[in-house]
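Per Swiss-Prot, these features apply:
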BINDING   Gly7, Ala8, Ser9, Gly10, Arg11, Met12, Asp33, Gly96, Thr97, Thr98, Ala120, Ser121, Asn122, Phe123  NAD(+) binding site
BINDING   Arg34  NADP(+) binding site
ACT_SITE  His153  active site, proton donor/acceptor
BINDING   His154, Gly163, Thr164  (S)-2,3,4,5-tetrahydrodipicolinate binding site
ACT_SITE  Lys157  active site, proton donor
Amino acid sequence: MKIAIAGASGRMGRMLIETVLNDPEVKLSGALDRTGAPQLGQDAGAFLGKQTGVLMSDDIDAVLAQSDYLIDFTRPDGTLAHIEAALRTNTKLVIGTTGFDDAQKARIRAASEKTGIVFASNFSVGVNVTMKLLEFAARHFSQGYDIEIIEAHHRHKVDAPSGTALTMGEVIAGALGRKLEDCAVYAREGVTGERDPSTIGFSAIRGGDIVGDHTVLFAGIGERIEITHKSASRLSYAQGALRAVRFLEGHSNGLFDMQDVLGLR
């Protein structure tokens, strides 16, 4: 399996490269970075002190032409450009980018009719098992409990709330028979009045090098339940992305997420 990495000089990109290089069953076939990036032309393994023979490139079509899969944890505009190129080269996609709007998500769905795509807000096995716990908890705490989602990430993260927090909200809202857009409240300030018990609240923290912390609070009278997942390293995301690649080996097209990959449906 020949795998290319987008955003190859970034924190997640480097972790993906290292994880691919350490897996004897897959091969690093390309490393994409933005035009003008200082790392262009360097060996993709230079940051590890390794020579891979794969040079950092901004030529999307050339990289994907020699790749079976592209793992993309970048930004929405870049990912959409990569999708268009992947359709030209018949390359399958593992997408961990967050911050897409509804129209952009529709483009991903359309692309999945022609190639296999795993699209998820979080590739950690632990986070995806947590999603099932939240679904179960929401059904049992549907009355008399206020629901709040608190997430924390590093200072460089550009979107808030995180894609994972929003997915958690969607899972909870779905379990309660609601739509998230109808019940979400994003942060609070000033005189807000009493809390509407039908809402799901979100709070986002940005600071330091926090990889990703998510806590869902079910607050009742006399008790509260907290379900928390904390990521100490991006390695769990990279390992999950490789599981997604292996899952796509048996799917020529279609849109999937990590619940499909892990058999949690």
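Cβ coordinates are placed from backbone N, Cα and C, and glycine is handled just like the others.
Each residue contributes its Cα atom, and for Ala120 (NAD(+) binding site) and Thr164 ((S)-2,3,4,5-tetrahydrodipicolinate binding site) these two points are 9 Å apart.
Taking only the Cα positions, the spacing between Asp33 (NAD(+) binding site) and His154 ((S)-2,3,4,5-tetrahydrodipicolinate binding site) is 21 angstrom. Cα distances from Gly7 (NAD(+) binding site) to the binding-site residues Arg34, His154, Thr164 are smallest for Arg34. If you take the CA of Thr97 (NAD(+) binding site) and look 10 A around it, you hit none of the recorded positions from Arg34, His153, His154, Lys157, Thr164. Among the binding-site residues Arg11, Arg34, Asn122, not one has its Cα within 10 Å of the Cα of His154 ((S)-2,3,4,5-tetrahydrodipicolinate binding site). Within 8 A of the CB centroid of the (S)-2,3,4,5-tetrahydrodipicolinate site residues His154, Gly163, Thr164, the other residues of that chain are Thr98, Ser121, Asn122, Glu151, His153, Lys157, Asp159, Ser162, Ala165, Gly212. The residue listed as 'active site, proton donor' and Asn122 (NAD(+) binding site) are 14 Å apart (CA-CA, integer value).
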